[in-house]
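Visitor: Found this in Swiss-Prot, in case it helps:
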- 11-291: domain 'Protein kinase' (DOMAIN)
- Leu17, Gly18, Gln19, Gly20, Thr21, Tyr22, Gly23, Val24, Val25, Lys40: ATP binding site (BINDING)
- Tyr22: phosphotyrosine (MOD_RES)
- Asp133: active site, proton acceptor (ACT_SITE)
- Ser160: phosphoserine (MOD_RES)
- 296-318: region 'Disordered' (REGION)
- 308-318: compositional bias 'Basic and acidic residues' (COMPBIAS)
Amino acid sequence: MEQPKKVADRYLKREVLGQGTYGVVFKATDTKNGETVAIKKIRLGKEKEGVNVTALREIKLLKELKHPHIIELIDAFPHKENLHIVFEFMETDLEAVIRDRNLYLSPGDVKSYLQMILKGLEYCHGKWVLHRDMKPNNLLIGPNGQLKLADFGLARIFGSPGRKFTHQVFARWYRAPELLFGAKQYDGAVDVWAAGCIFAELLLRRPFLQGNSDIDQLSKIFAAFGTPKADQWPDMICLPDYVEYQFVPAPSLRSLLPTVSEDALDLLSKMFTYDPKSRISIQQALKHRYFTSAPSPTDPLKLPRPVSKQDAKSSDSKLEAIKVLSPAHKFRRVMPDRGKSGNGFKDQSVDVMRQASHDGQAPMSLDFTILAERPPNRPTITSADRSHLKRKLDLEFL
């Protein structure tokens, strides 16, 4: 058996918990106080490659975000050729809970999990932070049953007038329709939509809207809620990648979730409002009658949790099953085939859809095959002076 290794004269590494694109997550013991922690080790690479901006952004944000429903950042330091980020240790995640068929989730259990998700988001939005990567395996669960938001690598500060963002955020199944139509300016409504998807997933015990491409994702959304009309979402036609879809009438939400309470359906319908300006806010959602009607939210200590994450996942995703902290994205971003057009990039798949629409064909019925290209490398910050980085991190954690 491999002996535990000490890192930075303080942390005693135990077993590997997970492995992703940018590094490894270890379970470790803090020799300073004996507590169990999770250490995310990120490869810095060669001098010319620099430090991954995502990791530094996550450190910066989590230093400012202190809340019972947000993962706690304990420490961060460079060691040898790696950047180490130390977090509180969490036992499992919400995806493992949802997938474990041996667990029964009562209406009170679902209400408790959703309430903790929304409380974490309410704090983030109060600090003008968008999470932008809400999904069940980024919602970690600790020994006391408390759910905490994690993986803030895609998070951004919002609220500045005119500020533009990329629309390629969130795993596709949790991506709001305005993002799928290429919106560059958005706010906390995108997190609300994702939280609604997670809410529905808790109720159904499976992902709610499972598109296999961005186009198919829109088709799944329209099949569930009907094709939006101009009076429902006036700004829709102004979005960069907007294409007119074949009209589909909205089915009854009750037909999709037949056993759910009326209060839960009402909250879901407000979280899935097409127009982001009219979509319910996190603060409004927490005040919805769903949370005050019976049954009451279950005490976190009494919430069901899987005995083993690995047992709760399919055998073909074992590494994903044991991730504890900031796991790698399970759904690789699918980028349409792009060709240069002027000074920017033009989405050829959108051109195909527009042409089909002009020809009188229904884009929703077309069979589009979008090839998955490797996304461009994330921008990096030069790390030539690593001693400067170490001094900076040391000062910040004094």
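Counting begins at 1 with the first residue displayed.
Note: Cβ is positioned from N, Cα and C throughout, glycine not excepted.
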Visitor: For the domain 'Protein kinase' (11-291), what is the mean per-residue pLDDT, to the nearest integer?
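Guide: Mean pLDDT for the domain 'Protein kinase' (11-291): 94.
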Visitor: Could you round the CA separation between Gln19 (ATP binding site) and Asp133 (active site, proton acceptor) to a whole angstrom and send it over?
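Guide: So the alpha carbons of Gln19 (ATP binding site) and Asp133 (active site, proton acceptor) sit roughly 19 Å from each other.
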Visitor: What does DSSP say about Asp133 (active site, proton acceptor): helix, strand or coil?
Guide: coil
Visitor: If you run the three-state DSSP split on Gln19 (ATP binding site), which class comes out?
Guide: strand
Visitor: What whole-number Å value do you get for the CA-CA distance of Val25 (ATP binding site) and the residue listed as 'active site, proton acceptor'?
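Guide: That separation, Cα to Cα, works out to 19 Å.
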Visitor: Taking only the Cα atoms, work out how far Gly23 (ATP binding site) lies from Asp133 (active site, proton acceptor), in Å, as a whole number.
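Guide: On Cα coordinates alone, these residues lie 19 Å apart.
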Visitor: Which one of these recorded positions has the most other Cβ atoms within 10 Å of its own Cβ: Gln19, Ser160?
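Guide: It comes out as Gln19.
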Visitor: Roughly how many angstrom lie between the C-alpha atoms of the residue listed as 'active site, proton acceptor' and the residue listed as 'phosphoserine'?
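Guide: The residue listed as 'phosphoserine' has its Cα 20 Å from the Cα of the residue listed as 'active site, proton acceptor'.
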